Amino acid sequence: GTPRVPSAPTRPPALLLPPDSEKTPGYWNKGARRSLELALALQPAAQRAKNIILFMGDGMGLPTMSAARIYKGQLAGGSGEESVLAMETFPHVALAKVSGAALGVALLPLPETPLIPACFQTYTIDRQVPDSAGTGTAYLCGVKANAKTLGLSGAAIYGKCHTSFGNEVDSILHRARLAGKSVGIVTTTRVQHASPGAAYAHSASRSWYADANMPKEALRDGCKDIAYQLVHNTDINVILGGGRMYMTSKRTPDPEYPEDPAQNGTRKDGVDLIAEWLSAKQGARYVWDKKGLDAVEDDSVSHLMGLFEPKDMKYELNRNTSTDPSIVEMTEKAIRILRRNPNGFFLFVEDKIDHGHHSGRAKQALMEAVMLDRAVARAGELTSPSDTLTVVTADHSHVFTFGGNTLRGNSILGLAPKKAKDKRAYTSILYGNGPGYSIRDGARPAASLPAAEDKDYRQQAAVPLESETHSGEDVVVLAKGPMAHLFHGVQEQHYIAHAMAYAACIEPYAAEPGCRAARRASHGTQCSPQPLLTLLAFCVAAHMVGG
């Protein structure tokens with residue numbers, strides 16, 4: 001159908017001035033005292049996590065977070081700078097290194113470790129500035145790897161199928177499922193894409209979406225495509241995103257675009273992976289539009305697959321709200337299904353902020369970041385920090401920046417207040433490289449409003465490239481819930497997987513102190529119906545034995 005603009009406003013208001021109260025010292029002193037009191041009251045939650053939710057903003061570097069915060073505030077009618085993202089309310093913060101020297105091991109701090117900011121490094125074994133496959137393998141599987149490879153150690157070589165055998169590494173999602181937890185993936189990309197793919201696939205190339213995307217040599221050597229692995233490698237309870245075409249045989253019409261052959265299935269092996277998945281899972285459901293997703297009763301399915309586009313899902317600003325679910329709606333559906341498991345769950349949620357940046361369209365990227373934050377907020381309403389560890393991070397950053405001495409309340413998508421040396425206006429947001437580079441009649445074209453606030457406007461870039469690139473600076477990690485204090489200091493990105501596994505007693509940390517009691521507490525909710533006195537006696541006895 002025709003794309004519809006979301007009901008929420010997508011254009012910031014005109015310049016808004018801060019309130020007069022900000023001009024008094026008392027305003028700032030009162031705010032600082034309130035923050036200080038909260039910091040003094042903060043105590044590590046040393047109990048183990050029953051559930052884990054990992055939100056990953058693909059390409060959500062610190063400049064993107066800051067700009068998204070302002071954009072969120074301006075959409076709500078404020079000046080923007082004073083706005084707070086839901087993820088920014090998390091009490092524990094760290095940074096992950098995307099470039100630098102490896103430490104070699106993941107060291108988990110003791111509970112009494114001081115609470116200090118953390119930084120996580122995102123480089124891969126072979127690249128200073130990483131891609132989403134290598135970083136996904138790090139924060140999901142717990143090891144650094146080579147760029148463009150999924151679920152493989154650094155011994156595997158990109159594009160060489162035979163080097164993958166014996167070098168597979170399992171993700172925390174896979175290990176959580178083996179531990180008896182329900183697991184799920186939510187993404188606004190295709191579910192076979194690099195970030196979600198690292199949760200279940202072992203592939204020498206992130207681009208081997210279907211067998212049609214693989215070289216003959218790789219097929220001959222016995223490697224399987226990523227879509228095939230999605231169905232066969234891990235028993236995933238909830239799979240929501242795009243990627244229909246990689247699941248069905250060549251020339252299979254797409255249910256949403258049956259008249260467009262470009263959207264047909266692509267598989268050469270003739271296998272219908274959707275049908276295969278459904279037949280192998282009792283109580284499984286498959287849907288391909290919002291109507292179908294809304295019709296799924298949370299307590300009626302054990303497995304749900306929803307594939308809402310042939311490839312990646314549409315940007316939020318392009319989304320048809322009647323046919324395509326939002327990341328918020330997909331996240332809510334996933335949590336409602338997964339949380340029925342008394343052993344807990346692991347959920348991975350990704351938003352494609354990255355795609356907006358690659359295309360040089362900052363408004364698309366910032367709206368995606370705002371939507372990810374809305375999903376974070378909704379997840380917080382559906383879970384409890386007493387048993388759910390929630391982590392928000394990014395895989396890498398982008399060569400995206402905003403500046404220009406803009407005034408308070410200036411539209412984040414607006415112009416700098418003064419013209420550049422070439423006597424032409426420019427936007428506050430700029431890219432270091434990308435498709436926004438433009439020279440007309442020997443000069444840079446002047447930026448103007450309202451054109452610069454259009455969702456498809458490409459901010460100017462310093463270097464001409466077909467696609468804007470990632471950047472190598474550290475990315476932030478924010479955490480709340482059990483063991484959230486483990487996220488501290490400057491860390492390697494692969495530490496994230498280890499800290500999450502430790503927090504939830506997942507291998508290789510299942511035998512750590514406290515895990516036996518945590519498992520006993522979790523299983524305690526499964527007592528069979530009995531008279532109340534008998535049940536109480538059982539629980540008291542179990543407590544006395546366990547100490």
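Each residue, glycine too, has its Cβ placed from N, Cα and C.
The region 'Disordered' annotation in TrEMBL falls on one of the ranges 1-24, 241-264, namely 1-24. Fewest other C-beta atoms within 10 Å: among the binding-site residues His358, His396, that description fits His358. Considering only the recorded positions Ser132, Asp354, Asp395, His396, His470, His193 (Mg(2+) binding site) has Ser132 as its nearest partner by CA-CA distance. Shown in sequence order, Asp58, His193, Ala194, Ser195, Arg206, Asp354, Asp395, His396 are the residues of the chain, 6+ apart in sequence, with a C-beta less than 8 angstroms from the C-beta of Ser132 (active site, phosphoserine intermediate). Comparing the binding-site residues His193, His470 by how many other C-beta atoms lie within 10 angstroms of each C-beta, the top residue is His193.
Cβ environment of Glu350 (Mg(2+) binding site): Phe55, Met56, Gly57, Asp58, Val186, Thr187, Thr188, Thr189, Ser195, Pro196 lie under 8 Å away, each six or more residues apart in the same chain. Scoring each of the binding-site residues (Asp354, Asp395) by how many neighbouring Cβ atoms lie within 10 Å, the top position goes to Asp395.
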